[in-house]
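> What Swiss-Prot lists as active site is D11, D130, and the listing cites sequence analysis.
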Amino acid sequence: MVALRLIPCLDVANGRVVKGVNFVGLRDAGDPVELACRYSREGADELVFLDIAASHEARATLVEIVRRTAESVTIPFTVGGGISSIEGITELLRAGADKISLNSSAVKDPGLVSRGACQFGSQCIVVAIDAKRRLEESSGWDVFVNGGRKNTGLDALSWARKVVELGAGEILLTSMDGDGTQKGYDLELTKTISQSVQVPVIASGGAGCLEDVFEAFEYGNASAALLASLLHDQDLTIEEIKNYLLKKNLIIRPTNY
């Protein structure tokens, strides 16, 4: 069995890491490269950078952050946010990113997923899905884009299956209801998607304690857990989380590996 992964998430705006609750109320959380180095030293398995500004000016800043990070850490990292072309993918991969995350651009142009997978390999293409539980009594989740501001009307499960067919090698699944709340991952959402696709699913949105991370793996069937507030606020370290999961008999790469 492949080892389960812990992945710190760095939301970047104007060259700084920021964090909010339910996609709003952003606050400064530090320098992205410094945090990347810290998490790498602590034993993170991978990193994710998401450019939430995604403007033309911000892109140059992001490319520089990617270059500096690639020079400073040896663990794989994914970059996403406003990437809408093969040229954009190429630029960030050349700067040192290992994977590219597509979100709104995949909904607008699904062919970008298949073109990216064809040119760079499925292992390079991650599709990020921001899902929000429907208010009606009917079950299911809607896919949102544009930083969680626009409901596409797409069903999250159907969309997850579609992007895998198109060539996505991984899904970054964020529960908008749980994002930044530290009240636990949406286990039903995570399990539903994880059991329905044949690629790894990264659980995102809501980790607040050790038990939450364990449950994402044990009950949500996630392949990886994305962590933000829990680490940025230094409530827990990656080593503490990994030691806890190892005691729970999960297959995790030790921090002293």
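Note that Cβ sites are derived from N, Cα and C of the backbone, with glycine treated the same way.
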> Distance between D130 (active site) and D11 (active site) at the Cα atoms, whole Å?
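With distance taken Cα to Cα, D11 (active site) is 14 Å from D130 (active site).
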> Quiz question: given the active-site residues D11, D130, which has the greatest number of C-beta atoms lying within 10 angstroms of its own C-beta?
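Per the Cβ count within 10 Å, the most buried is D130.
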> Can you tell me the three-state DSSP label for D11 (active site)?
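The three-state answer is strand.
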